[in-house]
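Asks: Supplied in structure tokens, the structure appears directly below.
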């Protein structure tokens, strides 16, 4: 080998050694960086995959994911193993950083770490305090009020036993330190971490409801000086657009605790200025960046660049300190100034931008995403990881990092970002911004000049330029011109209502009046609130079910225009592969890292010294990395490492060949939404979608101007049958109808009374042997047996030796009480004896008598605003207020009443008969017209010819089940029938009710003590399986042809006997037993414990009138209450003063003498038209020619009823007429008598949202809401009130002026009777007229014919309770009486009987004008008076009543959508409107829950004919079969011959009765007598008026049953499933005893429980007795109760006397002889020992309290206690079992 070769080899070997050394250094630094990353901060929300940026996983139920955090609702259940969040090295030396806001005032756990059923770490948020739990009984409490609706940034610094609470970013934050009582134990890695939810099972703990923006755990307690920089930027900016506190939270307190010094008073605003940071480019290229923080100094950017590993060369602690110092790289953000108001972005339809040339300006821009475009990657630090997402991976120092060229996909989410619009003129493609799963901090470039003008929205209203200092959202850049927002609000041209705007604190440092409204966004629109800050992503679009804090729900907006699809970006470069981590919670997926080279085996160390002798060595310096060793033996598989940081995104490889189809993989996670594709072709009509959630009611628009009358519409479809009214009075007896076909079986009737004893039947055949029944439940312990008879006396034994003195005997049984001895003399008082042992707790005594009323307590603190109370009684009419200012000109009034009849026109000439027109084409089938009125009895027609037999009709549908008929008379006893064939074995009867509890049995012998089994070996941890590849989705195959009908199967074998059926109906009441002998008098018992609250007592006598209270604040609107029952009839008013006597009037026509009635008060006379004179009979004219068919005339005015004309002669038979058109609907008639109130109708679907009204003028700034405003102006006239009491007689009216004699009109043609119109409102009181002149003598009128007797009217409804009278004047003071002797307090007397009515009092002053009385009966018709002179114009009257409907006008053109109106005040509850037309069929509802098992169904329809089988062998002769059922109804027969006309029918149904039934006017289609029976006529064709009451009764029962299921009452007949259901349905219930039925079966097995609503609706079961572990709940009900609950707890106390129960010393583990508690499923439970004093064997009663809290409710209640101590003569114990409460 020559020299050159030798040198080359030596040089090569040196180079290889250097490279190896460099590689070792790189590997060491990389591994060191990885270890540092693994032990860095823990972002809990990111580890739980709850960040909105992590779109790869759906969030759990009850969690609403936002870009700035999450919102936890009551249904949130987020759990994960502890080891997946916190590494094992994390001990009690860390900092917990939180940014939360509470939505509900309660005591809740934000998070908890559980080990089994013990809590190891948890934060409890209570009103006014925060409690950090570090184990059972180990907690630190801080006075801090978090329930004020604001965002709070907190930091808990835990250092051993010391816990310090900091409120970062405040000037006065010095921290409050508390000491834990005990050093907390290490976290169990096998424990469970829970976020939100009622997981801690502590008393009074409910799920946390609120928002969490940040939840980080930093493993260092020395980081409190940099906590403010650790708060996320978007969390700190949450304060700048915080919404108003919800209605569920109180206003912020004026007296905040000292720790809240940094918070602001309610009337101040909170502005935030982010800290400025220096962003220095690296290598001058801007490809990567290094971020540092300066304290208050803003250095200029420099071009110097540290090496890539500069952050790692400072030592071990450098990355940790950097993680705390350089958390929040941010852009320079300007402070909000007073001159630049905030931005209000409301939902809008994005306008299409128009690009125009021009310059870019840093105006406020809006894009559809917030996401940053990564332009740099940081080196070996966690810069921005808290603000954006996952941690960055340390870079290798061998290569400088270049700017990634990959362009992210467009983000379909429609959010908004604000910032400048930097452009790059070198690139032709515009990138669309989108947040990556792991975005990194970037440095935005300055906007460069370009040739494109910023895009502007079309709407230019309310344009106000924003500050030019606004920049992009931090960590984001943009390369596409974005639309510039130049307005403070987006307006919309779509006719939808925007969401209601809530008041928020104003954000203006100079107290300018610029409100910053808060909008409630809904998908898919975007809505943003901000105050000139660059990023606002607090609320993202989402759908929320209606909750108490529905702050984020608004009305749905319009669909936006289709966005342009983005261009695909170039492929990215290959990323750095990350290390393979353990299978943790789903996070950002990184690629597995390459395995590193195995190191050399180290040298053998020196032998160690024995323990205790070796001195503790100092910590050595970090050694240099050794040389690379040889490859060692393959080691064992190591434990799972911590999850590694995600690797850089790799460059997609080339398209590989298509592989074979793999096995079907698990369903993948939900992928990120792809880019918006081009607009596709119009698809086919889809199915009706699932109904969406009802939106909040929009603001009431202003009343529009009345439109022009529309054209007459077409006849609508027949409406659905209306709601059934109440049962009306019995009608007249109808004629017997045709006997119809037997109806279907009716509704199962109620259990009838026991009938008379029937005849003894023929004894049946002996039955087969029954199937052996199931094993019955073990019976209760029997009573102690009676003492046996004494045995025969044995022989007398020999006398034994004197024995040794025995031990003291056991105390003998207590003897019977002897006879009462004579009272002895009082002896000397003895010395006080020693205190005796503690007695047993006595049984619960009977409720004691109510104690005397205690002294009046001090006024309590003002409580939270309660729910809206029920509507109070109508107050007295207030005094007449001062005249208000003249109002604006009113709108055009409604159409007035029809005018008087015009003069009769001149009779026209007789027309010429027209020619018969050609036969028209057949018209369309018309709608079924409304039933016409009953016509007059027609004349008898000729007998028609026999018609051809019609074809057989189709089979009719099964009719409705008939109502059960009344029981007929008992029939004669039938002859004994032949013995029938043996019937099938009946179903086993239902299980009977549980019998009463038997007496206590004899105590059993103590069993032998069981041995504790050995602990089993721990199982091995399995290896995680490889995830299968996701196969390509196959194409959808063509739809197959329907298969051929298979042959019918053979008859199955006889099934085995079923399980016992449900419990049967209660048996009949047995005969009353003879009274037992009187027992001996018992001893007087001890005074019992205070009883449970008794039932509500009867209403006491009315108290004295109290002093007038102050005017209360206006209450919140309450829920709509149910209609109350009609009140009793008011007392009759006193007779009013006599009016002034008028002049004698003209003698009227003699009327028909009526019955002498009582003198009634004058009622309001209704409006009635004049009655015309009877005209002279004209001569009979010649019969005219037949005229052409005329058009349907207009509806005539209602004329007076004419006299009954003479019976005409029989006319010729007319030809069969065609079906006439439906008549026009009659006018609205007078209001009828009020009908009986109907049943409560079902709630109809919510109507569509109306078009927006015109925009109202912007209101002025309102006054402070706390200051009581002035008395409002008198409101508008309300709707017509209920019928009031009869008013007092009014003042006599003024005499009218003399009128001019009018001509008497001719009688008008009788018009069609119109429907009764609505009752008009009472007009204003007229002015008093002057005395009129005496009228002329009228002509003598003709005597009218006697009218037919009217139908007896229905009884009117019960009147409402009259108003309360005014308070009388105080009487004169009487003389002072003498002091009487003090009497002994008597017992409370019974309620006295109602006294006799007192004497009428002195007449009071003239009261206010009463409500209008009921409409009086029509008086005798008077003559028409003379028209008076027109009086002076009166004042502007109130708004008139609703006029008659005018003719329908032409359809107007569609108006422009109005502007958004201001929300009006809530209106008064209106009268029930007329029933609306039936709505369209709604979409198919969501599938409901599985219902209970139904009754045995009827036989199904016959199946298809099967294949003809082979001929079978002839069977044996069978028994005689039972009588077959009634066959199917045959085809409808041909119509029979026309019969003679029937007799006149009974009178029609009164109008009130028709309204009561709600069926409209029921008109009989035709009448027939009992002689006219048409064969084949079905039952359904008959009028069902006689069946309507029964149908109504059935519907009422079903309606009440459904209502009780939806709204349980908690009674025995209407039980709830759980107490939680009662708590959710009714907010006003109190703790007490209620009935529940967890399986929702028959209410007979419902159980009585205690409901604790104050702690969230707990269901508590009490044992039968407190001394035994027995509960009167069946296993089935208990299983359902377990399934419906989320946890349970129970408390058991063991009272002990000289016996050890748990441990032998305080605070010691349980001894081997400790008692064991067995759960409901047999497992041994470990209790929480609250107190144990049984180790004290001092001859006194002690006790041990055990508490069981479990997450699995199936473990409780405790059913058995084993290993109880043996009872000795000097030791005793007994149990006190508490109730078990289910959550």
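The backbone N, Cα and C atoms fix where each Cβ goes, glycine too.
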Asks: Which residue does Swiss-Prot record as N-linked glycosylation site, given the choices 1652, 1698?
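Replies: Checking Swiss-Prot against 1652, 1698, the N-linked glycosylation site entry points to 1698.
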Asks: Pick from 263-287, 288-312, 1563-1587: which range has region 'Disordered' per Swiss-Prot?
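Replies: Result: 288-312 is the stretch Swiss-Prot calls region 'Disordered'.
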Asks: Validating a neighbour-count step here. Other CB atoms within 10 A of the CB of residue 1637 (Ca(2+) binding site): how many?
Replies: 21
Asks: For the Ca(2+) site (1637, 1639, 1642, 1645), what does the 8 A shell look like? I mean other same-chain residues with CB within 8 A of the CB centroid.
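Replies: Those within range, site residues removed, are 1615, 1638, 1640, 1641, 1643, 1644, 1646, 1677.
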Asks: Under a three-state reduction of DSSP output, how is residue 1642 (Ca(2+) binding site) classified: helix, strand, or coil?
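Replies: Its secondary structure by DSSP: coil.
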Asks: Please work out the number of neighbouring Cβ atoms within 10 Å of the Cβ of residue 1639 (Ca(2+) binding site), leaving out its own Cβ.
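Replies: Neighbour count, Cβ to Cβ under the 10 Å cut-off: 17.
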Asks: Inside 10 Å of the Cβ of residue 1645 (Ca(2+) binding site), count up the other Cβ atoms and send me the figure.
Replies: 19
Asks: Suppose you look only at the domain 'Fibrillar collagen NC1' (1589-1783); what would the mean pLDDT be?
Replies: 91
